[in-house]
Amino acid sequence: MSWLFGLNKGQQEPPGVPGFPEPPSPPGGSGDGGDKNKPKDKWSNFDPTGLERAAKAARELDQSRHAKEAINLAKVQEETLQMEQQAKIKEYEAAVEQLKNEQIRVQAEERRKTLNEETKQHQARAQYQDKLARQRYEDQLRQQQLQNEENLRRQEDSVQKQEAMRRATVEHEMELRHKNEMLRIEAEARAQAKVERENADIIREQIRLKAAEHRQTVLESIKTAGTVFGEGFRTFISDWDKVTATVAGLTLLAVGVYTAKNATGVAGRYIEARLGKPSLVRDTSRITVAEAVKHPIKITKRLYSKIQDALEGVILSPRLEERVRDIAIATRNTKANKGLYRNILMYGPPGTGKTLFAKKLAMHSGMDYAIMTGGDVAPMGREGVTAMHKVFDWAGTSKRGLLLFVDEADAFLRKRSTEKISEDLRATLNAFLYRTGEQSNKFMLVLASNQPEQFDWAINDRIDEIVHFDLPGLEERERLVRLYFDKYVLQPASEGKQRLKVAQFDYGKKCSELSKLTEGMSGREISKLGVAWQAAAYASEDGILTEAMIDARVADAIRQHQQKMAWLKAEGKEGAKEIGKNPLQPLLEGTQV
């Protein structure tokens, strides 16, 4: 019933309980009316209105039919309040218990901190004591070292003093000995001079007698030799048979010396032309005596080897492959029928397979090949003409026929009218033109150049076939990537002898992707890319070539290729912007494929 007395005003009144009207205010209830000067008692401000309302409400509640429910509701509210108070008491007790636990935890934390601080103090004290002990030990060592150094210094001073005393003693002894020696020499010289002065007449007489005897001996020797040679020459002249035999012998000796000298030169030149290798030739398949002695097994295999396909290992575009195959067949048939060989000019960017095809062409035709570079001609100077004639003389002695491949031919076969070339190089060029003026059945001339427009017109007149080697296309690049990936990666990994393994990924798909990324690269650059993959595998810790390593090497090669192209463009070379452009299109229009 707390709500009757104004308690729990915030709570809602129970349903079913009628509201009680407020009683009217009694007259004069206000404390303001009346005389202000009258003394006030303690009940002067008491308002009985609340008691009246409570009494009235109690009477109405007793008379109401909901009285019992109201009483029960009041009891329930009182029990609820009691339970809330008990809950608050429990919460207070829990808070007190938590506070006690917190105090215990704080005390334990303080105790732990105290123990840690004591431990730190003990450690600091121990470290300080150890530091003091180390300092004392270091001071002792320092003092001991200083004492040892002082003792050593004293010993050195003592040794130096003893050495100085010994040196002074030796010097004094040597000085005394020198003085005694000088006195002795002086005494001997004086005695010798005295003796010579006393015996001067005797000495002069002895010298005079010796000179007279020597002069008499020389004169007698001259007379004896003249007599002997005179008698011999007189005897030789008087006998004409001896004179004739002597003249004939001297003549035969001179003829023999001259013949041996010239025969040796002729034999040397013959051996050099037949068995040796000219200085301008860098590489050749012809068998030399030195090579046969060094590598007999290799030479035997070469002699009994079968004829190879001209395009084995050479990857070209279908049109170019068809053309060079026709050239290979024609060359082979020319050799078989002992006809005249045709001269070929191969031009195009570097690394497109010109040198490789020349070697394969020689092997396919059963011919020997010899490779020379144009850059080796200019440094020879005056010897260039002789060296050039030696090359062609040597080429003419080949029984199987020789394919003479001149790489970088534009280095010395330049235009004589416009290019500034030396007289020696001009003479060498004239010798080359003289030896290639007519077609031969002994050798076949193959020129390779990156700038064929710089050739002398006489060189172009000696060319029978012009072949353009362009950069590989997408299909050719994919074949090249697969070829070198198999050669430098898969084959070494499958052999098991080398430290190289390949991770698991789709090799064919990767080769197709790389062929698209390597646009603009030559066959040589792609082959170097295969070598780079192999080197990357060897350089790794486990020797496994992963796909990421392949991509990294390809990206590096692409950057290097772009840098090279930028350098070519900066140098102003015409072939850098359009590297696949055909500079000899007017000449090729009239050439049958």
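Backbone N, Cα and C define each Cβ position, glycine as well.
The ATP binding site annotation in Swiss-Prot covers GLY348, PRO349, PRO350, GLY351, THR352, GLY353, LYS354, THR355 and rests on sequence analysis. As annotated by Swiss-Prot, coiled coil applies to 52-215, with the evidence given as sequence analysis. Annotation comment: Swiss-Prot describes 15-27 as compositional bias 'Pro residues'. Per Swiss-Prot, compositional bias 'Basic and acidic residues' is recorded for 33-44, 53-64. Look at Swiss-Prot and you will find 1-64 tagged as region 'Disordered'. Taken from Swiss-Prot, the feature topological domain 'Mitochondrial intermembrane' applies to 1-242, supported by sequence analysis. Per Swiss-Prot, the feature topological domain 'Mitochondrial matrix' maps to 261-593; the stated evidence is sequence analysis. The feature transmembrane segment is assigned by Swiss-Prot to 243-260, with sequence analysis given as support.
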Determine the minimum-neighbour residue: among GLY348, PRO349, GLY353, listed as binding-site residues, which Cβ has the fewest other Cβ atoms within 10 angstroms?
PRO349
Tertiary contacts of the transmembrane segment (243-260) (same chain, 6+ residues out, Cβ under 8 Å):
236-237
Using all protein chains shown, find which of the binding-site residues PRO350, GLY351 scores highest when you count other CB atoms within 10 A of its CB.
GLY351
Ranked by the number of other Cβ atoms within 10 Å of their own Cβ, which of the binding-site residues THR352, THR355 ranks first?
THR352
Which residues of the same chain, at least 6 positions away in sequence, have a Cβ lying under 8 Å from the Cβ of LYS354 (ATP binding site)?
MET346, TYR347, GLY348, ASP407, ALA448, PHE469
By DSSP, what is the split of the compositional bias 'Basic and acidic residues' (53-64) into helix, strand and coil residues?
11 helix, 0 strand, 1 coil
Quick one: which residues besides GLY348, PRO349, PRO350, GLY351, THR352, GLY353, LYS354, THR355 have a Cβ within 8 Å of the ATP site's Cβ centroid, in sequence order?
ALA448, PHE469, SER522, GLY523, ARG524
